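Enquirer: So that we are looking at the same thing, I have put the structure below in structure tokens.
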Amino acid sequence: MAAAWQDVVRNAAAVREAAAVAVDAALLAGVLMRTGEQPHASDVVNYAPFTLLPSAVPWALFEQAYAVQQDFNLLVDAISQNKEFLEKTLASTIKVDDFTARLFRIYMQVLEEGLAQTVFLGINRSDYMFDCGLDGTAALRQIEINTIAASFGGLTSRTADVHRLVLKVLGKTEEASQLLPNNPAKGLASGIAKAWELYGSQRAVVMFLVEDVQRNIFDQRCVENELWNRNIRVVRKRFRDVFEHGSLDASRRLFMDGQEVAVVYYREGYVPQVYNQQNWEARLLLERSRAVKCPDIATQLAGTKKVQQELSRPGTLEKLLPGHPEAIARIRATFAGLYSLDEGEEGDRIAATAIADPDRFVLKPQREGGGNNLYGEELREVLEKIKDSPERTSYILMDKIKPQPALNYLLRAHSPLQVSECISELGIFGVYVRQGQELVLNQAAGHLLRTKAIEHADGGVAAGVAVLDTPYLV
């Protein structure tokens, strides 16, 4: 895997020429982000960071990741409908993690009132790394599944064209022709459009719930424009707007500024920092409504790390997906070792093991958005501090995955052009729509490859660590 472009990587003149072409191609293709200096302005933009060369990905593992995505869609949907499982699994977490607890309280309140929502839309992204065994063979290992605001489906739809051109400039026309087409933006939009259609009001709009600071706006616009192309109206609102201008009528239809909302697509709401009291009230209003939420709060809870850890316990998948033995086998084949830090003998034992050998593990809190995981000495320090406290139950432990690094160039605005040892993470987008108990859509919707230098333990593209990439199947 490491040797895909050995002849190019050491050719400084060819790399400089290709990098200049690549940057212009990215700007032409719309692989764009707003700048950190002017995050509210679209009249000053730069290219989103990306690799100069597409990264080698084993064909068999790529196909395995696609093949299991519909199974993961089924699983997430099943968890979101299983109150008993969510209650039991999150019982210890909600005692010590206020953010998860507040989400859970809204979930319970909405269930007690009775769900007004009848159409359910899931857009998730299952992320994997390639774990290199002692014999050099690689295995697909799931890092996590993102059930809220899974990003970069838009920009990655445009990145393959940039890499195609780079390979041609480097005299690798045949290799360029082998890069797969990839359009998650279209796939995500098709799910939103289906949910909008089933909601049943031609006049109703799709509302993107967005952050106050929207550096990654072009990624969202790719999906948005696909909806406009289908003549579906899109509005962009923040939690503050919902609090000030949102309302429900007697049948719990959601209105924003007098417009009925069919679908609420969250690109916000996954980190505690965005919630003040007003925003919590806005979230409750949205969840109580008949509008299709993507995700509804049960599906957001299904994506927590504690749920991920519980799924790895023997027998859990069988209870959640009865009658699906093949799906269960495909899902289980992707799991890395996951361990509970709940209070008791089992949690004590695994905490002691991790303190003694921290480089074997990753410590994960119940957070989304990248940059939250702990490794090595930092992992040991945190666990030492919380090992005798109930706070440790707000974390899970996972076996640390050891991928095979490869050489590449990470192109970032205003950064020097230098070769780095890199590792990659593959994400597969999944989309499903359920009406009542009937699953009317269930599909894989495209892929995302992100790559980072090996000195960075954690963090994605939005966090400024990883960059966009394209798989070159080997």
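Positions of Cβ are set from backbone N, Cα and C atoms, glycine also.
In case it's useful when we look at the structure, here is the feature table from TrEMBL:
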type: BINDING; residues: ARG125, 148-151, 214-216, GLN220, 267-270, ARG450, 461-462; note: substrate binding site
type: BINDING; residues: GLU144, LYS305, 364-373, TYR375, 398-401, GLU425, LYS452, ASP458; note: ATP binding site
type: BINDING; residues: GLU144, ASN146, GLU368; note: Mg(2+) binding site
type: DOMAIN; residues: 204-302; note: domain 'Glutathione synthase substrate-binding'
Enquirer: Relative to the Cβ position of ALA149 (substrate binding site), how many further Cβ atoms are located within 10 Å?
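Expert: ALA149 (substrate binding site) is surrounded by 24 other Cβ atoms within 10 Å.
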Enquirer: If you count Cβ atoms within 10 Å of each one, which of the binding-site residues LYS400, LYS452 comes out on top?
Expert: LYS452
Enquirer: Could you give the Cα-Cα distance between GLU144 (ATP binding site) and ARG125 (substrate binding site), in whole Å?
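Expert: Checking the Cα atoms of GLU144 (ATP binding site) and ARG125 (substrate binding site) gives a distance of 8 Å.
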Enquirer: Taking only the binding-site residues PRO365, GLU368, TYR375, LYS400, LYS452, which one has a CA atom nearest to the CA atom of GLN220 (substrate binding site)?
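Expert: Comparing Cα positions, the closest of these binding-site residues turns out to be GLU368.
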Enquirer: Count the other Cβ atoms sitting within 10 Å of the Cβ of GLN220 (substrate binding site), across every protein chain shown.
Expert: 23
Enquirer: Give the number of CB atoms, excluding that of ARG125 (substrate binding site) itself, located within 10 Å of its CB.
Expert: 26
Enquirer: Rounded to an integer, what is the Cα-Cα distance in Å between LYS452 (ATP binding site) and SER151 (substrate binding site)?
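Expert: On Cα coordinates alone, these residues lie 17 Å apart.
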Enquirer: Tally of helix, strand and coil residues over the domain 'Glutathione synthase substrate-binding' (204-302) according to DSSP?
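Expert: Counts, helix then strand then coil: 41 helix, 26 strand, 32 coil.
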Enquirer: For GLU368 (ATP binding site), identify the closest of the binding-site residues ASN146, ARG215, GLU268, judging by Cα separation.
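Expert: So, of the listed binding-site residues, the one sitting closest to GLU368 (ATP binding site) is ASN146.
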Enquirer: Compute the C-alpha separation of SER151 (substrate binding site) from PRO365 (ATP binding site), stating it in Å without decimals.
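Expert: Spelling it out, the Cα of SER151 (substrate binding site) and the Cα of PRO365 (ATP binding site) are 20 Å apart.
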